[in-house]
Structures are given as structure tokens and as C-alpha cells.
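Among the features that TrEMBL reports, domain 'K+ potassium transporter integral membrane' is placed at 36-532. Marked as transmembrane segment by TrEMBL: 72-93, 159-177, 197-216, 223-244, 355-382, 407-427, 433-455, 462-486, 492-510. Annotated domain 'K+ potassium transporter C-terminal' per TrEMBL: 589-747, in sequence order.
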């Protein structure tokens, strides 16, 4: 997520706000933490909690060749230790600490590194002109170290950018497979007792997807409240069924020893290593857990995961101290030892017949919920990508007043739905999808390890030995999983990899074009005093009659130009001239609102004046700021300051909470003109507003300068132009009939 910062124009207006929105993500009490922990069960643990449906089938895909007793022990040992090392030790206790103002995911890590190593974000180096307002949980205030490899080497900076974009693209790509694999694997359960229903699996899965994605507009919080009890019930069922199955062969609990995993590799060699592609399915969802951090909080996720990993302290049997997930896998392993032919569907074939149909229904609902983790993660990552200028602008809807990270992105939601349905229709069943599943997760886990190691060194300032040990320990595990899953490319892994490369390429093109535009703006910043010249004769009389709206008066300028000055009201008329062309700027009746992002004059305004040297009597440069609180009081809505050198010119900062719609209609105009009349009553802003109010929005279109190569021209004028033309506008509500868009071509 883009770090909460305050630039110079913000500092001018900061005192105007009474509410402490500059506090970043506020500390929450235990009641809120427990509530978020409960909600997180429904969103985060659906994916990892439904993995028992298909993990053993992924490890032993050849159902015609059942696994041996020793191989079941070895595979189960790999599952248990993967669940312990990756989700618990790595993510819950270490990675979740690397949040950026409460946000998680690869972009949060990249933002932390960039800010603390003084490398550019969004085309600009965050230097002395910004003040950080909040820090990540484990972050310290920004005190850059002496020049390091990242700061000195632009190539390393570009590599980090490509790596983070590729990592987030992998997570988004995995979001296409998670709903398809999870729901398909559950719905296929109806074919075990009733094979004649197989033709209904695909239509039922697609219908479920439509319902799931249609409910996203309710927001993560509302959805999670409904989902949490269901996932809680699902985990209880896994626990109970697992105990029942383990009771038939208690010796299976010996698989908790890592010795069986080592023996498994020694016995099976390359085939044993290849089966890690199925083992990784047991930890899918861990990266979504980190990416969903902004929807909840670090402490709430830690509490819920530790509780779910060790759900009970009731010491009824040795197995009752084991987590629901591990017990579910152990139960399947116990039944596979007794009857290896159950490998065709080890989950459904090990459910007692008396509760089969209720469990099938619950499994289907749980897999629907499992998709929520990846959907929420995709929304969060795209929101963070936009904040860093790496993703085309799309409309983002905030769905919670208390948790800013809970967002819903309508266009992405419906694109995901269409893509997921396409995947279901093309791949047809979960067996075809399983080889492709897990590839993206393994690769992004390795990327996360790299970034967390950098954060340990350059953000947390830990001794170099710590990140080295972290990388050698967890990086080795991640690297093995990544290398093994790359072997899945020719058996379906090409699909998520192709999607990830496409998303990454789109983000790189957008980032490149956005940086070019920013650098162009930075190199041609214009001050109003550099654009206009006040040539008002010293003897120009003051018109004191407010009703004297239209006055015709001949004014002579240095014996060179004659201009008719109209409508000088009850203040000294100021005659303005363009410095570059010496053309007189006519003053027209009315109020003009010209939108810009900083305190300098937009290039589009200068472009407009160059071709049409006329401005309204009252010109307001409006900067919109969205702050880290849900709502802003109306009394704090605007801060207006006059530009002292020129009569009738003002700067305005308009504040909005992230839950508010940026509405710039009559009510906003009345507030702005009311403030202007208070600070400079002689200008008559309200009278100007009644004449005509015009909204001017600038739009810059990039094109390749002369001499550019064909590739640069193609990327800029075709790909980037396509993305820019289809990107959403800011989403501000302004009267369309009173809006003028000032466009200009910029050669870069």
C-alpha cells in the first residue's frame, strides 16, 4: 500500500482538520481484535482448511497404482511438517510482522524497502518534502542507512520492481485456480455415491461461482461474519472425522516424526521429490493470508491461526491435542494404510456413510468460502498496486468504516468471475486442474522470502546473520517447492504462469508510462508568477460600486496594446499578460475550478491559456485529498488560501474520508465561494458563481518523440494508450454539463 505521507500542500492545510486522521492505522482494543480474529477464520482459513479434499490425490495422482504403507507415512510426514514450517513458523510468526501501515502482501514489503532505502516510488524519491505519518508494526522511523547496494545500483532497484510485480501477478493468477479447484473438488463428491449426477458438476460449479462473486459487494466484513461459523463448523467436522479414522489405526500418529519424510525421499528418489508438487497443495492460501492482512490485523490473524492450529487443550486422547487439519490428514493416512484403493477419493471415501451427505454439503459451502481468501487478496493487491502507480485506475469501493483495507473492486470482481467460469469449463474436473495448482503459490513464497530478508536487514536493522539464516532456512524450502512445481508447466502449469506473465507485463507497461508522465510533469512545473505578468497601470481606479457589474474602459498598456476591460467590480481591476507571448489575458464572468495534484500550476492550464488567453474572474486550483479515516466533517471539508500576487486566484485543498464519494457539486461550490468571500470579500466569489461555474479537468496524452524506436512507439502509443483510455476516471461527481476536459499531447 502507498505509505501515508504528508506533502507540502497537506502541511499547509493540516491545521484545518480537527480530527486526527494523520494517525495511520489506529491501535485497536482486544474486543475488536477478537472480532477480527473470528472474522478471519471465514476468509483466510477456507483455502488451507479445504486442502484435505485433494492433497493426497495430488501426491499420488495415479489411482491405479495405490501407495505403499511406507509411502503413506512419508507423504503424511511431509504434509505435517510443511504445515508447521511454512504457515506457522514462517508466515504467522515472521512474515506478518513485515506489514506496511497494517497492509500485507508483496507490495507492502516493496513499499517498506523503497521508503527505507530511499529508492523511487511512483517515479519520485521520497525525500525531505514528505513526512511519514505511520509505520508498520515492526518498522522503525525513517532513518536511512549509509548508501547500500539497493541505493547505489539502479539495476537492483528495477529487479526488485519486476520481482514484486511478478509476485503479485502470481497471487492474482492463483486467484483464478483456487475457486475452480476448491469448488470443483467438493461438487465432484456427489459422483461418489451417485455417478449418474456427473453431468451436473460443471453447471452446479458455475452457478455457485456466480452466487459467490455476486455477494462480494457486501464487503469482506459482512461476508466474513457469515463465513466464519461455517468454516469453524467445517474444521470441527475435520477434527471429528479425523479422530474416527485415526481410531481405526492409531499407529498413523507416528508420521509426526520427520524421519519418515527423510526415508520417503531416500526410498523414492526423484519420484519422491516430484510428489512435493502435491504436498504444496496443503499450504495453499498462506500468501493470501499475508495479502489479506489489511482486511484484518496481524494480531487477529495470529490468534486465530494458533487457535486453529492447536484447537483444543482438552486431553481426552493423544490426538485431541492435534490440529483439525493435521488430524484430518492423519485420518486419511490411516484409512489409506488399511485400504490403499481409497486413493481415488481419500476424503469422501473415508467419511462414514451416515453423515456423508451433510458433510458433502458442508464441504461444498466450505470450498465456496475457501475462494474468498484469494478474492479478497486480489482486491487488496490491486488496490495497493494502484496506490504505487503500477496498475490502471479502477473504481475501488471501501466496505468498512473501521478497517480501511476492506475493499471491493467491481470490474475486477466480474472479470475474475468470467475467468474462473472459463477455467472450470475448459479443465472440466479437479484432476486436470490439480497439476496446475500450486505453481504460483510456490514461486511467490520464494519471492516473499527474498523481500522479508531484505526488510530484516534494511528496515528492521537486524544483524546480517539473521536474514542470512532466514533465507537459508525458509528460502531453501521455498526453492525446492518452486523448482518441483515448475515441472508442472507442461501438464497445466503453463496456464497460471501465462496469466501471471500477462498481468505482470500490463503492470510494467503502466508503471513505465506513468513514470514517463510524472517525469515530464516534474521537468515542466510552472509557477503562476512564471506564467502570468501583472501589468496593471498604477493609476487604475478602484471601482467601489458593487452593482457596477459591466464597465467599459479603455486601458493603454505601454503605448503598445489597447484592450477593453469589462466588468471590473468593487476592486482594482488587475490586467494580466502571458509572459511568453505578451498576449493579454481576458477576464470572463464566472468561477472556474481547475483540478491539480500539487501546488504548482498544471501544464494543461498553461496549455489552455496559451491557446485561449482568457480566465474567469475567480479561478480556484483544487486538490483532492483522501485521508485515512472514514468521514470528514463538513466544517473541515475545504481549506482555501489566496495566491497573493494575483487577484481572484486561489488554492483549495478538499478533504474526503475513504468511505466518502468525492462530490464537487453545488454544495461544494457554495462552501468554497463562502470561504473566499470571508477572506477576500471584495472579489465577489458568490456573484461570480451565479454567472457561470466551470469545471476544468486536465488530461495528458503521451506519444513517442521524434527518433524513438518502433518498440517504444508501439508500447507507448498502442499498449499504454489502450490502458489509459480504458482506465477509470477518478470517480468524482462533478456536473457533466459544466465540465470541460483540457487535453494536450506530450512527447516523451
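From the backbone N, Cα and C atoms, a Cβ is placed for every residue, glycine too.
TrEMBL annotations: computationally assigned, not manually curated.
Beyond its flanks by at least six residues, the transmembrane segment (223-244) meets 38-43, 45-46, 49-50, 52, 215-216, 295, 308, 311-312, 317, 319-320, 324-325, 327-332, 350-352, 359, 362-363, 365-366, 369, 372 of its own chain at Cβ-Cβ distances under 8 Å. Residues 105-107, 109-110, 113, 119, 150, 284, 287-288, 291, 374-375, 377-378, 381-382, 384-385, 390, 416, 419-420, 423, 433, 436-437, 440-441, 443-444, 447-448, 450-451, 454, 496-497, 499-504, 507-508, 511 of the same chain lie 6 or more positions beyond the ends of the transmembrane segment (159-177) yet place their CB under 8 Å from a CB of it. Across the candidate stretches 72-93, 407-427, 433-455, 462-486, the maximum count of CB pairs under 8 A to the transmembrane segment (492-510) is reached by 433-455. A Cβ distance under 8 Å defines the sequence-distant neighbours of the transmembrane segment (72-93), meaning residues of its chain 6+ beyond its ends; these are 48, 55-56, 59-60, 252, 254-261, 263-265, 267-268, 272, 275-276, 278-280, 282-283, 286, 289-290, 301-302, 305-306, 309, 323, 325-326, 329-330, 333, 336-337, 340, 445, 449, 474, 477. Beyond the ends of the transmembrane segment (197-216), by six or more residues, the same chain brings 179-180, 183-184, 187-188, 190-191, 223, 364, 368, 371-372, 375, 408, 413-414, 416-417, 420-421, 424-425, 428-429 to within a C-beta distance below 8 angstroms of the stretch.
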